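Below is one structure; the comments refer to it alone.
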Amino acid sequence: MAVCRRVQLLLLFMSLSTRFFFTQGAKSQGGVNENLVDNADMGKNPGAPLQDGKLLAAAASQPRRSTGWKLAEEEACREDLTRLCPKHSWNNNLAVLECLQDRKEDTEISTDCNHLLWNYKLNLTTDPKFESVAVEVCKSTINDDVHSQGEVIACLEKGLVSEVEEQTEHYSIKEDCKKAIMRVAELSSDDFHLDRHLYFACRDDRERFCENIAAGEGRIYKCLFNHKFEDTMSGKCREALSTRQKLIAQDYKISYSLAKACKQDLRKYRCSVDTTLPRAREAKLSYLLLCLESAVHRGRTVSGECQGEMLDYRRMLMEDYSLSPEIVLHCRGEIDTHCSGLHHKGRTLHCLMRVSRDKGIMDNLCQKALQTLVQETDPGADYRIDRALNEACESVIQTACKHIRSGDPMILSCLMEHLYTDKMVEDCEHRLLELQYFISRDWKLDPILYRKCQNDAARICHTHGWNETSEFMPPGAVFSCLYRHAYRTEEQGRRLSRDCKTEVQRILHQRALDVKLDPDLQRRCMTDLGKWCSEKTTEPGQELECLQDHLEDLGSDCRDVVGNLTELESEDIQIEALLIRACEPVIQSYCHDMADNQIDTGDLMECLVLNKHQKEMNEKCAVGVTHFQLIQMKDFRFSYKFKMACKEDVLKLCPNIKKKVDVVICLSTTVRNDTLQDVKDQRVSMKCRRQLRVEELEMSEDIRLDPDLYESCRQDIKDHCQNVLFGNAQVIECLKDTKKRLSPRCHQKVFKLQEKEMIDPELDFQLMRVCKQMIRRFCSESDAKNMLQCLKQNKNSELMDPKCKQMITKRQITQNTDYRLNPVLRKACKADIPKFCQPILNKATDDNELEGQVISCLKLKYADQRLSPDCEDQIRVILQESALDYRLDPQLQMQCTEEIPRLCAEEVAAQEQTGQVEECLKVNLLKIKNEACKKEVLNILKESKADIFVDPVLHTACALDIKHQCAAIPPGRGRQMSCLMEALQDKRVRLQPECKKRLQDRIDMWSYAAKVAPAEGFSDLASQVLSSPAKSYILTMMGMCVVLLFLMGLLCGRITKRVTQELKDR
């Protein structure tokens, strides 16, 4: 090893090398033949020896001394040496060679000198000064004839590479010797003939793949590198090429073409003058690539020739992992375990990427080596660098991304946009996600993002240059910093530029496709992903949705990051690329303007919710929109517009409440109380009240958006509404229809919901949906609170839609079951209800219907004419409506459950109810066996005395007579009925036959009713008399009786008094 102590001493003996080369040629016939082939091949190279042998003879005639021969003394190079090289370097052959080698790129050197230098370099590898090192390093591999075909230098090169890769504790080559080996490799970089081992290993392959490529300037090397993984490439040649590539990775100057093409750019951008770095690191190919790539990413000009060379070597590093010693050293275990036998065409690297992405069990040093390689090769700038990706995705690029120029960085974004679509193929999908996994961990590796955001990152996130890192702001944290500022308002300050925000949104859209593309999310949620969202239970791209579904079950760190992402999605739902893709038809038809806005602020999701039931809405989009609505219920912060509108109100009025549904209830209760109390300055702000209304309307569409109601009725839904689809409030409607069969808890919740909907009909989703057109036609000017009242008033219009009419009837039936479900009646009869119906109220509970008992009570008082005017008006309306449709009388329907189908089956089956069933019951009063049912029919008869409108059959029959005989008499309090009865008794008045017949029937029925149901007390008797059509006659007769009794009393009193007096006088 002592002979390698100084490289200058080593090269003093180059004369011996030259002489040895020529004497060696005479040793055997075989050796002569090989050199003849060599010289014949070298004839293609203008730098090869002259064919006339002149210079060979000159070299052979040199003195046979181990020292003393100098290149400077040769006549062929003297003139060039004097012109180009400083005189102090002439005594050092290596210095002279370096000088002339470097300067010949810039100026002409004579042909003779060129040939002399070429021969000198050719013989350099046989220098005996390498032999002593080779004997130690290559004991097991070198031949006995250490001078055979450049085996010495080849073995040393392999030893040097192995030492870098393995860091073995065996024989170590000293630094000076390493430099000499690298220098020899560098001197042979322009012509592959100069690398004797590689030349002889690849002669046949050169003829096969590079026959038409002229030697010189490293062209043959490049050609062979490009065909390295061809199936027909010999193993010996492939090994020799790999060794040379590994040396290039250690020192870029060993690549002649790269060093020449990038020489000016390296100087321009000071890539080789960093005095803080050791020369060994500064010379590495990775350092050159990072330095020049940094310049390109900063928008600086790098020559096209240099960029072309860089592209070749970046592709070379991606194809063969073994060219990166850090990967060979630190990933050996992973390669042996998971990726053995996948060496070719970048497959091993992608295998390692897959292990890191899918299994998460990779050694940190291996992970770091892979991340470094991706930064060095920068495949994000040009997908073609990654051969495995290029081959896997070629068909997708040709179809889905054909509009983008080949090699454009946007190709990767295009591929991501088509992830999980029909155009994507499985192999491309895997390769793409494996690469994006590493690109996503360093924001600089997306060239478009870096170009658009580098100024913002420096201004806001305090970043450094492209290939510089900071422990205070690591690469993975920069993007988090950017997206936090992307959605800031002007008031919050320090916003991103428009172009940068667009790119941040693009990256967020891509990351939403796969949680593993979000480093922070994957790191914090690794355990929760495995626990709740394994690959067996979760489809690709659905992992974030799964985490959102289990938000309450997640660990605190994972819950925080998922919550932040969900909050961000609420502001910009376009981040959810899969959802936006599924909802494209609806967006194009109804939400086009919102989608075009760069700043979303929740408008797009609100539009999708409003149009969730349009015909363009497909199942995937509907499911996605509903899922996001369900997630929003977990935290009011997840509804961006609601959060921004009500943030201050929540802090003031509903502190410590987190769930959105609870916040909505809290705020809506406050609004309701303030409204009922006529508070002048409402506590909830106007902007919050507006958004609160939007949230309430959204929640009414799906029972799952009301978690309390959903949980209370979950079992009832399974029992009674199992085949009913969620959405469109269908499940809620089903529960309403089966209310009598519901569990007590669910029944109470449904009753409370109905009470709320009756107060505010706009929250009744089914009513608003079914009657949408009718509301526009009849109630466009009505207040939302009076919507149902308006629809009821127009229910019997000829223009009313039958489906809407049916829905109105259902709501009327519901209202008549309990006065609390009729807010207009409740307000009008506020004083009458406790006055007349207190016993019923005493038995009532807050959450259960009274089955129409209070309304029946009020009906009877209406017949007795004892209600206040406002209450009487409302009861009259109810009586009129229920007279037409028996279903609106819950007490009648409940008490006559058996009698109605038995006696009036035909009337029940009628398409439209116009009072037929009640008339049937009246006619068949004598046939009714159930006493409770009979009593209800008698009550109807009693009520009909008070107002002819309550008896639709009679009113229809006598309509013309009322017009002629009773036009001046106002309705109510039995006035018109009395008018008709008087007309019936007046022989001068001729009533219509049908009216006369119906009136006579009613008199008979009332007479029967009076017999069957006599007055139960004086008050009842008085009310019957007062409500009777013959009350004038009855009152007259009663008055005459009283007068008669009075007269009799007077007469009897006088007689009694006289008799008493006579007795006293006795």
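The first residue you see is number 1, and the count goes up from there.
Heads up, the Cβ atoms here are built off N, Cα and C, so glycines get one too.
Unlike curated entries, TrEMBL annotations are predicted automatically.
Sequence annotations record features per position, and here TrEMBL assigns repeat 'Cys-rich GLG1' to 172-232 (among others).
The feature repeat 'Cys-rich GLG1' is assigned by TrEMBL to 301-360 (among others).
Taken from TrEMBL, the feature repeat 'Cys-rich GLG1' covers 361-423 (among others).
What TrEMBL lists as repeat 'Cys-rich GLG1' is 495-555 (among others).
Annotated repeat 'Cys-rich GLG1' per TrEMBL: 616-675 (among others), in sequence order.
Summarising the annotation, TrEMBL assigns repeat 'Cys-rich GLG1' to 683-743 (among others). Across the range of the repeat 'Cys-rich GLG1' (683-743), the DSSP-based residue counts are 41 helix, 0 strand, 20 coil.
Model confidence over the repeat 'Cys-rich GLG1' (799-866) stands at 88, taken as the mean pLDDT rounded to a whole number. Sequence annotations record features per position, and here TrEMBL assigns repeat 'Cys-rich GLG1' to 799-866 (among others).
For 928-988 (among others), the entry in TrEMBL reads repeat 'Cys-rich GLG1'.
Feature annotation from TrEMBL assigns signal peptide to 1-25.
According to TrEMBL, the transmembrane segment annotation covers 1033-1056.
Assigned with DSSP, the residues of the repeat 'Cys-rich GLG1' (361-423) fall into helix, strand and coil as follows: 39 helix, 0 strand, 24 coil.
Against the repeat 'Cys-rich GLG1' (301-360), the recorded stretches 172-232, 616-675, 928-988 differ in Cβ pairs under 8 Å, and the greatest number is found for 172-232.
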